[in-house]
Amino acid sequence: MSLMNLPEESRPREKLLALGPKSLTDAELLAIFLRTGIQGMNAIELADKLLKEFGSLRKLLSSDENEFCSHKGLGAAKFAQLQAVVEMTERYLFEKIEKEDALTSPEHTKRYLTRMLRDRHREAFYVLFLDNQHRVLKGEILFEGTIDAAAVYPREVVKRSIDYNAAAIILAHNHPSGVAEPSQADRRITKRISDAVELVDIRVLDHFVIGDGEIVSFAERGWI
């Protein structure tokens with residue numbers, strides 16, 4: 001059945017405008033993004049089918065171009081549109097932490113870092129560079145590695161911190177395994193970076209380890 005033949009209150013776009021986006025199911029939200037269905041399926045039916053094929057909305061949003069375009073009803077144009085939505089989301093979250101004290105808005109910082117790192121298939125090491133008021137100057141992935149490790153060089157962290165005239169930094173990296181519990185290697189590299197940046201009067205304020213649905217803070221555990 002075409003969406004136009006559904007009662008107005010059942011059409012995703014009209015439902016969103018009347019009740020807000022939180023009232024919609026994942027399939028209804030995806031249907032608005034898709035706009036149209038395929039032969040024999042309206043946009044909601046196609047969205048429901050795609051969610052079952054991908055396994056979840058998150059997996060669909062984090063898929064690469066080849067995987068995305070291999071599904072019927074999706075193509076390069078939709079992939080480009082999706083990447084624009086994802087990038088706007090990341091910039092929105094970065095602006096939120098950029099305008100606030102990174103220490104007094106830890107939830108925004110955690111949300112941003114989770115969005116940046118959680119769905120990566122390889123380990124990535126991310127640094128937030130802060131000024132002396134703990135406002136964000138820049139965020140950058142400095143190192144990327146294999147599925148279970150990234151080579152991290154303290155001297156490069158020092159160099160980039162000086163480049164951005166940072167007074168403090170926040171470290172973060174993901175565990176592609178999904179388990180956020182920090183390893184002994186994580187604790188050792190944090191100590192090495194802390195010692196290195198302290199030589200140029202820069203502090204490490206925290207190190208977050210991002211898992212699947214969990215984030216561990218070194219500062220909250222008293223390790224920094």
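Glycine is treated like the rest: Cβ placed from N, Cα and C.
Per Swiss-Prot, the Zn(2+) site holds His173, His175; the candidate it also names there, chosen from Asp186, Asp195, is Asp186. Within 8 Å of the centroid of the Cβ atoms of His173, His175, Asp186, where the record puts Zn(2+), the same chain has further Cβ atoms from Glu123, Asn174, Ala180, Pro182, Ser183, Val209, Ile210. As a summary of secondary structure, the domain 'MPN' (102-224) carries 37 helix, 35 strand, 51 coil according to DSSP. When Cβ neighbours within 10 Å are tallied across all protein chains shown, the highest count among the binding-site residues His173, His175 belongs to His173. Taking Cβ-Cβ distances under 8 Å and a sequence separation of 6 or more, the neighbours of Asp186 (Zn(2+) binding site) in its chain are His173, His207, Val209.
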